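A.B. asks: Below is one structure. I have some questions about it.
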Amino acid sequence: MIPVIIAGIENQQTNFDYLMEELAELAYANGMQVVADVRQKLQRPVAATYLGKGKIQELYRIGQAKEAAVLLLNDELSPTQIRNLEKETNLDVLDRTELILEIFSSRARTKEAQLQVEIARLKYKLPRLRTSSHEKLDQQSSGGSLANRGAGETKLEINRRTIQKRIAQLSRELKNIDKEQLIKSSSRRESGLPSVALVGYTNSGKSTTMNGLLHFLNSPDAKEVLTKDMLFATLDTSVRKLHFKDNREFLLSDTVGFVSKLPHNLVKAFQSTLAEVKNADLLLHVVDISDEHSAEMIKITTETLKQLGVENTPMIYAFNKADKTGGDYPVIEGLQITYSARDEESISALADLMKQVLFKDYKTHKYFISYEQGRYLEKLNKLARVTKTDYTEKGTVITAEVAPVQEEYFSRFLTE
Ligand SMILES: Nc1nc2c(ncn2[C@@H]2O[C@H](COP(=O)(O)OP(=O)(O)OP(=O)(O)O)[C@@H](O)[C@H]2O)c(=O)[nH]1
Ligand SMILES: [Mg+2]
């Protein structure tokens with residue numbers, strides 16, 4: 001394991017501790033061992049060096065004492081910041097974005113995942129190519145086909161163009177794979193089968209839930225997906241056709257998990273992998289409820305879905321790993337289930353819930369919720385499709401399409 005120092009700047013971020021913990025987890029996932037954790041309170045990063053002068057000296061000392069090889073920063077840094085930090089700390093500097101890209105790169109197995117990661121890496125690299133005067137190409141020796149690119153062209157410009165070409169070429173290759181995927185997924189859609197996509201923070205138990213459902217529903221093409229106690233075990237999308245006990249069929253897909261500050265280029269590059277999520281009729285948002293940061297993880301997943309343009313797809317919150325909390329399970333409340341993906345009774349309850357959401361028609365009802373009970377209004381807005389809201393003196397009158405599983409829950413507010 002490579003010894004690394006993690007460092008970050010704390011400003012008003014409320015979740016700073018969590019982000020630093022997550023950074024350590026990411027480092028571990030990349031075969032690194034955190035030997036020191038250095039933090040600085042600053043309104044904003046120092047333009048040239050990210051951290052302040054004193055901190056950098058401290059980092060140098062710690063680096064020597066702990067024989068660290070790498071300095072890992074919690075944000076995405078500018079090329080200048082990286083260069084200056086490297087010079088002054090005598091450590092290799094890696095920022096959060098590059099670290100995530102490295103993990104993805106080492107995990108990518110299929111051609112599609114490899115292409116997507118490679119494109120994201122090159123896009124990260126492009127604006128970070130370094131200029132330096134001694135890298136100017138000697139016009140005499142540049143010779144060959146490069147010469148007619150124009151005299152005096154710098155090595156930097158050539159590098160840049162090479163990378164751009166490579167991005168274009170990889171994008172073309174990816175497009176060809178996408179075409180095949182598109183044919184597959186459109187034939188799936190034409191089959192008229194409803195589709196469910198597992199989404200959530202990495203390591204929350206999406207793949208375990210998928211396998212649990214595959215076993216329980218005993219589907220003929222039940223090829224298991226990989227599960228592992230490791231960040232980003234899954235990088236590709238797997239789709240399986242399943243059927244409920246009454247033989248009604250649906251499609252279930254498992255895909256890459258999310259993490260905070262997922263690099264924008266990476267999300268963009270993974271658009272095709274995440275196509276199943278975009279086209280799903282129902283999302284199964286898997287949360288590791290035994291993790292003290294589960295609320296944070298829900299937020300991150302919701303934000304990443306938004307980034308993908310997924311906002312109005314019906315969602316079941318699946319609070320997994322309840323076996324580790326000591327609480328009761330399985331428990332269903334509205335569109336939420338507390339369960340354990342390793343427990344058959346849980347999986348059975350989850351399958352029932354999914355079936356209800358997928359196959360029973362939504363019904364329209366009119367509700368009255370007094371202002372004192374405002375929190376139910378929030379719930380209704382989250383769990384149902386509100387089509388009309390009127391504010392009266394005493395409370396709110398809402399017309400909403402409600403899933404059958406929620407009808408009983410909200411029945412006390414019925415007006416007619
Ligand atoms: N105790 C317990 N462990 C679980 C449960 N569900 C999953 N796990 C474990 O959690 C780890 C991660 O599970 P995965 O199913 O691989 O998680 P994932 O969400 O697919 O993760 P990525 O693909 O890496 O994003 C594995 O070690 C699982 O065995 C559960 O209900 N209880
Ligand atoms: Mg997985």
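Cβ atoms here come from the backbone N, Cα and C positions, even for glycine.
Below are the features listed in TrEMBL for this protein:
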REGION    131-151  region 'Disordered'
COILED    153-180  coiled coil
DOMAIN    194-362  domain 'Hflx-type G'
BINDING   200-207, 232-236, 254-257, 320-323, 340-342  GTP binding site
BINDING   Ser207, Thr234  Mg(2+) binding site
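Map the listed features onto the structure and describe their local environment.
C.D. replies: Taking all protein chains in view, 18 other C-beta atoms sit within 10 angstroms of the C-beta of Ala233 (GTP binding site).
DSSP gives Ser207 (Mg(2+) binding site) a helix state. The number of other CB atoms found within 10 A of the CB of Ser207 (Mg(2+) binding site), across every protein chain shown, is 23.
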A.B. asks: Near Gly200 (GTP binding site), how many other Cβ atoms are within 10 Å of its Cβ?
C.D. replies: 27
A.B. asks: Could you tell me the C-alpha distance between Lys321 (GTP binding site) and Ser207 (Mg(2+) binding site) in angstrom, no decimals?
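C.D. replies: Lys321 (GTP binding site) to Ser207 (Mg(2+) binding site), Cα-Cα distance: 13 Å.
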A.B. asks: Should we count any of the binding-site residues Asn203, Lys206, Ser207, Ala233, Thr234, Asp236 as near ligand 2, judged by a CB under 6 A from one of its atoms, and which?
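C.D. replies: Close enough to ligand 2 are Lys206, Ser207, Ala233, Thr234.
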A.B. asks: Filter the binding-site residues Ala233, Thr234, Asp236 down to those with CB closer than 6 A to an atom of ligand 1; keep them in sequence order.
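C.D. replies: Passing the 6 Å Cβ check against ligand 1: Ala233, Thr234.
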A.B. asks: What kind of secondary structure is Asp236 (GTP binding site) part of, going by DSSP in three states?
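C.D. replies: The three-state answer is coil.
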A.B. asks: If you measure from the C-alpha of Thr234 (Mg(2+) binding site), which of the binding-site residues Gly200, Asn203, Lys206, Val256, Ser340 fall inside 10 Å?
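C.D. replies: Final answer, ordered: Asn203, Lys206, Val256.
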A.B. asks: I need the CA-to-CA distance for Asp236 (GTP binding site) versus Ser207 (Mg(2+) binding site), whole Å please.
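C.D. replies: Approximately 11 Å lies between the Cα of Asp236 (GTP binding site) and that of Ser207 (Mg(2+) binding site).
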